[in-house]
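Okay, so here's the structure we're looking at.
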2 protein chains.
Amino acid sequence: MSSQKLFSVAVVGVTGAVGQQMLRLLEERDFPISQLKLLASASSAGKTVKFKGKDITIEEAKPESFKGVEIALFSAGGDVSKKLIPAAVEYGAVCIDNTSAYRMDPEVPLVVPEVNIDKVHEHKGIIANPNCSTIQMVQALKPLYDRFGISRIIVSTYQAVSGAGAKAIAELKRQSAEILAGNEVVPDILPVGSLPVKHQIAFNAIPQIDKFLDNGFTNEEMKMINETKKIMGDDSIQVTATCVRIPVVYGHSESVYVELKEKFDMDEVRKLLAEGPGLVLVDDPANQRYPLATEAAGKLETFVGRVRRDLYNEQALNMWIVSDNLLKGAAWNAVQIAEYIALEQK
Amino acid sequence: MSSQKLFSVAVVGVTGAVGQQMLRLLEERDFPISQLKLLASASSAGKTVKFKGKDITIEEAKPESFKGVEIALFSAGGDVSKKLIPAAVEYGAVCIDNTSAYRMDPEVPLVVPEVNIDKVHEHKGIIANPNCSTIQMVQALKPLYDRFGISRIIVSTYQAVSGAGAKAIAELKRQSAEILAGNEVVPDILPVGSLPVKHQIAFNAIPQIDKFLDNGFTNEEMKMINETKKIMGDDSIQVTATCVRIPVVYGHSESVYVELKEKFDMDEVRKLLAEGPGLVLVDDPANQRYPLATEAAGKLETFVGRVRRDLYNEQALNMWIVSDNLLKGAAWNAVQIAEYIALEQK
């Protein structure tokens, strides 16, 4: 990306689990940056962060912070996005928002580059990054959707605590150590920081991510249901989701049952998955090879395996989809979108 | 159970994770025992185990060990069951086998007391205990099956390491401690002790339990598929299963999607589940109450929650089913069968 236009870039929420990965990726990918603003809450303002060997001082994120900013990556929570993105757009920035604040806004494109990068062109200042658990699923299913169509998806997730932020990672480690030492644990973050009831995550499985709605589904489950339809651009896809937090640090795993609209050949399915953009097919039962969260952690790709035809519905498949929720599920998807915008304006 | 016939009982595999629970339940339930034989492999022979305050010496399990035994509980692996059960039957014992050795034998009843206790009467010396992941699912679904019929089940499991025995529990604890200390781990038990490839279970999710078959499913998955039909006595039920080991010590959790054959009312569904034998409905999203492995551990019941109508198929339900895999999933189901046999002969 040398000899191209350079951009004034802001990262909002740079001290968070996703913000740190955004910064790391901008550095590693040598993103064409003229000026880099690192923004966070007042409590982090004044701290310095290294970027390409230089110390950059974190500033408090305010509406006027975005003067002159061309690309802003937001990952500081929905409230911050709602408060600051309108000002950033007013100043002319393209905002790539990792929160759920604008995802279902019909004016805002919801983009997974491997699935619907063309939607970027429709933005009016805001491009939304989908929910982590949605991104890896639609990315893996897109090649099958394009070839056969999809009528039904039933997904159960095995989600890492890093999706709930750095405090949840610390909580899992602390609880695990306490239990191994034979002590009682007092949960204080998960399943949802802002709700009163807390549950032990170490050596447990919590079937709640985000708040409950009146229909008995959680927000996280409804995100998978609604975002999948918006990203695929197909309201006819019937998604059912059960989202579960498990004691894993990095990497969401998903057990996915999918009904296709046409008959399929398993060899073709495997070829489509193996060649799908950003996908790695890890599917060799004889050698006990399948995607694992511990192996996906730190990688940019989404891993697919355990691909098998359903025994009762010959137009249905079962598979296991794993990706690093902080990378393809958040920071990398956002930086991919930023890279696309940068390339377009070269 | 006082003033009734007393039985000569044998427990085979008494040093294992399930065998220990069998012994504990026989003691706690005050099972009517005249003589108790504790059998295990040669390496455990000579050790003593406490039962009701008395030391009982473990003997090596041999064909002739079963002379005079009336009820024998087996949980020492399929090979041991295949080798010793014919002799035990020959000596007149009723064998309750917790292994998979005889489960799909058409001559052998496969029994979950809350579902098909009547099948006990058809035994010819052997009664099979189903797989742990199957037991809790069919127990929870039985009240719905009786009222509405079931056409389709799609289940993804979150299974505890104790299902793979005491060594797997030790491995999870050892790996967890190593990782928290920042050390590398060298897996040596899971996912399948007898297979060459091992994977880290601490802070991971392994989509393999038992060996793979040519159809891409694992033995564990096929057990859920085939045993469900046999226990329900209905070959038309279409089951799909994905079985996953997660870093939990005790308690299997299951995300279950089920299509019923008739329209249903959610209040009636909840009532059926709340009143189902051995079931506890824990389903209060407003107060963040749902079944958790850590809360089911050590309990005899099966816990059901997250019960919600599917958003696209009004005849389908989603739910979360949790039970202690060593108790209702193994030892308790076997002791329940033994208690029924004892009561019948009172």
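Glycine is no exception: its Cβ is also placed from the backbone N, Cα and C atoms.
Curation does not apply to TrEMBL; its annotations are automatic.
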Which of A:N318, A:N325 belongs with A:T15, A:G16, A:A17, A:V18, A:S43, A:S44, A:S162, A:G163 in the NADP(+) site listed by TrEMBL:
A:N325
Among A:T15, A:G16, A:A17, A:V18, A:S43, A:S44, A:S162, A:G163, A:N325, the record's NADP(+) binders - longest CA distance, Å:
26
Long-range Cβ environment of A:S162 (NADP(+) binding site), under 8 Å and at least 6 residues apart:
A:A17, A:A168, A:I169, A:V249, A:Y250, A:N325, A:L326
How many Å separate the Cα atoms of A:T15 (NADP(+) binding site) and A:R245 (substrate binding site)?
23
Most crowded position, judged by CB atoms within 10 A, among A:R103, A:R245, A:H252 as recorded positions:
A:H252
Indicate whether A:R245 (substrate binding site) is helix, strand or coil by DSSP.
strand
Which recorded positions are spatial neighbours of A:S43 (NADP(+) binding site) here, meaning Cα within 10 Å, out of A:R103, A:R245, A:H252?
none
Can you name the recorded positions among A:R103, A:R245, A:H252 whose CA is within 10 A of the CA of A:C132 (active site, acyl-thioester intermediate)?
A:H252
